[in-house]
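Novice: Please see the structure below; I have some questions.
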């Protein structure tokens, strides 16, 4: 994600450009070389398709599968990033933008399921990361906190309603509260690692205290490298109607995406509608 070196795995660089160069060379040196060019094109396409299939994650939407915990990193008093191993070292968790994974623990004979949005990007091979905030009375988070390195956790997925299409909107406005940043991070990553996606991103990230801001260093680092990403932090107070001036005027070619605790989402939706946004302009996780 940092320098886009993995973009070579995307179709425009892995297939289209090589094919274009081959055809251009054939045009220069003579059409009698066309049979050889076609053979090379078939080989390139086959290699790219095989590689994509081989790298794709074996995560199943229906069947629960065990994934080994590789690492656990505390990033706050009550928050941690968990890294889980995929089935193969060259697999990637290539799931739709903004979609989540279901995590399951058996508690007192009953399956308890919670949903987490991976924060690792679609180019990371061999693992996936989830960010989890632990709650005192959280049934699943308590279980997750007790998992030791090398032990396994059941996941399946992906699940979600967001259908993100590159360049569908000129601007995507993201409003996140607390751990609601996780699907937003996935959206940001998908946009900035796609050279063909010119969508502008504006993130409004609300937290109680500055120390509560999750992944701030990572977000600031991305904003410093990608001019189409603009971030505003709101702390110590509720999001205000005036904060919507941060986004493009209503009625323009844009979309508003909201994620956070239910009360936060409801409150932000009310403010958005007061600011002129229509129901169809807003997507809520």
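For all residues, glycine too, the Cβ spot is worked out from N, Cα and C.
Because the structure is a prediction, the values reported are computed rather than measured.
Features from TrEMBL:
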BINDING   114, 116, 131, 133, 140, 182  FAD binding site
DOMAIN    62-165  domain 'FAD-binding FR-type'
TRANSMEM  12-30  transmembrane segment
TRANSMEM  36-53  transmembrane segment
Novice: Could you count the residues of the domain 'FAD-binding FR-type' (62-165) that DSSP puts in helix, in strand and in coil?
Specialist: 7 helix, 52 strand, 45 coil
Novice: Express the predicted model's confidence over the domain 'FAD-binding FR-type' (62-165) as a mean pLDDT, rounded to an integer.
Specialist: 94
Novice: Enumerate the residues of the same chain, 114, 116, 131, 133, 140, 182 excluded, that satisfy the criterion Cβ within 8 A of the mean position of the Cβ atoms of the recorded FAD site; list them in sequence order.
Specialist: 103, 115, 117, 130, 132, 141, 179
Novice: Same chain only, sequence gap of 6 or more: which residues have a CB within under 8 Å of the CB of residue 131 (FAD binding site)?
Specialist: 75, 79, 80, 81, 116, 119, 179, 181, 182, 214, 215
Novice: Provide the number of Cβ atoms within 10 Å of the Cβ of residue 140 (FAD binding site), excluding the reference atom itself.
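Specialist: That number is 20.
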Novice: Near the Cβ of residue 116 (FAD binding site), how many other Cβ atoms are there if near means within 10 Å?
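Specialist: The answer is 22 other Cβ atoms.
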